[in-house]
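Visitor: After the structure tokens below, expect a handful of questions from me.
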Amino acid sequence: MNGDHMVLGSSMTDEKAIILVIILLLLCLVAIAGNCFITAALGMEWVLQRMLLPCDKLLVSLGASRFCPQWVVMGKTTYVFLYPTAFPYNPVLRFLAFQWDLLNAATLWFSTWLSVFYCVKIATFTHPVFLWLKHKLSEWVPWMLFSSVGLSSFTTILFFIGNHRVYQSYLRNHLQPWNVTGNSIWSYCEKFYLFPLKMITWTMPTAVFFICMILLITSLGRHMKKALLTNSGFRDPSVQAHIKAMLALLSFAMLFISYFLSLVFSAAGIFPPLDFKFWVWESVIYLCAAVHPIILLFSNRRLRAVLKRCRSSRCGTP
């Protein structure tokens, strides 16, 4: 899911590429519909009632940050497909890349803070620090949102600086994107600036996320042992809460893993830009992105209630 690598040009008018582009766009539409529902349902409640649960504030922010990038991807995919030999650092693509980097970074941080919230609120560790966090965490949600926007903006500016330097090098030396010297400039910037920057900015939220996931799995294991001893099993409310949270975190895990694999593959040059394998990989990633909001929708009680009301009103039942 690398915005920078969706801009280099080569002809891709063969039938397989066209089919994969169509599939990618359809998956984007599914992701747009799911994230739009989450954002609209919780956003309307926030506006009308002037209040929202802390967890739902994180969820609606995540839905909005996932909703917007899908339009960026659709716009960039359409542009690259129509203009496969377009200059990779022209103003249109640089503007789209800036939006992509900002929204992508925001998604990572919103997902991370939501996983922290699930872990602290649902896990039942008795350590004093953990109990203190459980009591204080809801008050910190606004700071989580502001820090996500601030960190995302900061890293996006750093990405923009790197891309701008490459653009200036192309202009200064009158190079073309397919020129050997031009490719070496881009490769140098990717290897020694963009790749390390991506590793740093993506490793921090991902490490926090997986720590929370491990803690939640540990807590679930303890509860399962107690539930089996009391013969309540999966009917135990605490076990059910753990399982629902785990389903949501698994959907996050798919996104985090796809981000890192995309980063490694692009850095290693395994999938050349606009190669057939590149579009296959993009389709797999956006399949994960399409499934993600669906899992979130069915793991959230409030969203399930809204969906049920929508289905009832559509069927004409009270």
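For all residues, glycine too, the Cβ spot is worked out from N, Cα and C.
Pulled these features from Swiss-Prot for this protein:
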type	residues	note
CARBOHYD	Asn179	N-linked glycosylation site
TOPO_DOM	1-7	topological domain 'Extracellular'
TOPO_DOM	29-40	topological domain 'Cytoplasmic'
TOPO_DOM	62-88	topological domain 'Extracellular'
TOPO_DOM	110-128	topological domain 'Cytoplasmic'
TOPO_DOM	150-183	topological domain 'Extracellular'
TOPO_DOM	205-234	topological domain 'Cytoplasmic'
TOPO_DOM	256-264	topological domain 'Extracellular'
TOPO_DOM	286-318	topological domain 'Cytoplasmic'
TRANSMEM	8-28	transmembrane segment
TRANSMEM	41-61	transmembrane segment
TRANSMEM	89-109	transmembrane segment
TRANSMEM	129-149	transmembrane segment
TRANSMEM	184-204	transmembrane segment
TRANSMEM	235-255	transmembrane segment
TRANSMEM	265-285	transmembrane segment
Visitor: Of the listed stretches (41-61, 89-109, 129-149), which one yields the highest count of Cβ-Cβ distances below 8 Å with the transmembrane segment (184-204)?
Guide: 89-109
Visitor: Cβ under 8 Å, sequence separation of at least 6 from the ends of the topological domain 'Cytoplasmic' (110-128): give me the contacting residues as numbers and ranges.
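Guide: For the topological domain 'Cytoplasmic' (110-128), the list is 54-55, 58-59, 61-62, 65, 134, 137, 141, 144-145, 148, 205-206, 208-209, 212-213, 215-216, 218-219, 222-223, 238, 241-242, 245, 248-249, 252, 255-256.
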Visitor: Please give the sequence-distant neighbours of the topological domain 'Cytoplasmic' (286-318): residues at least 6 beyond its ends with Cβ less than 8 Å from one of its Cβ atoms.
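Guide: For the topological domain 'Cytoplasmic' (286-318), the sequence-distant neighbours (Cβ-Cβ under 8 Å, at least 6 residues beyond its ends) are 1, 24, 27-28, 30-31, 34-35, 37-38, 41-42, 45, 53, 56, 59, 62-63, 66, 70, 73, 244-245, 247-248, 250-252, 254-255, 258.
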Visitor: DSSP helix, strand and coil counts for the topological domain 'Cytoplasmic' (29-40)?
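Guide: For that range the per-state counts are 12 helix, 0 strand, 0 coil.
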Visitor: DSSP helix, strand and coil counts for the topological domain 'Cytoplasmic' (286-318)?
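Guide: The breakdown for the topological domain 'Cytoplasmic' (286-318) reads 29 helix, 0 strand, 4 coil.
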Visitor: Just to confirm my parser: what is the rounded mean pLDDT across the topological domain 'Extracellular' (62-88)?
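Guide: Mean pLDDT for the topological domain 'Extracellular' (62-88): 81.
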Visitor: Is the topological domain 'Cytoplasmic' (29-40) packed against any residues at least 6 beyond its ends, judged by a Cβ distance under 8 Å, and which are they?
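Guide: Residues packing against the topological domain 'Cytoplasmic' (29-40) from afar: 59-60, 62-64, 66-67, 70-71, 286, 289-290, 292-294, 296-297, 303, 307.
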Visitor: Run through the topological domain 'Cytoplasmic' (110-128) and tell me, per DSSP, how many residues are helix, strand and coil.
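Guide: Reading the DSSP string over the topological domain 'Cytoplasmic' (110-128) gives 14 helix, 0 strand, 5 coil.
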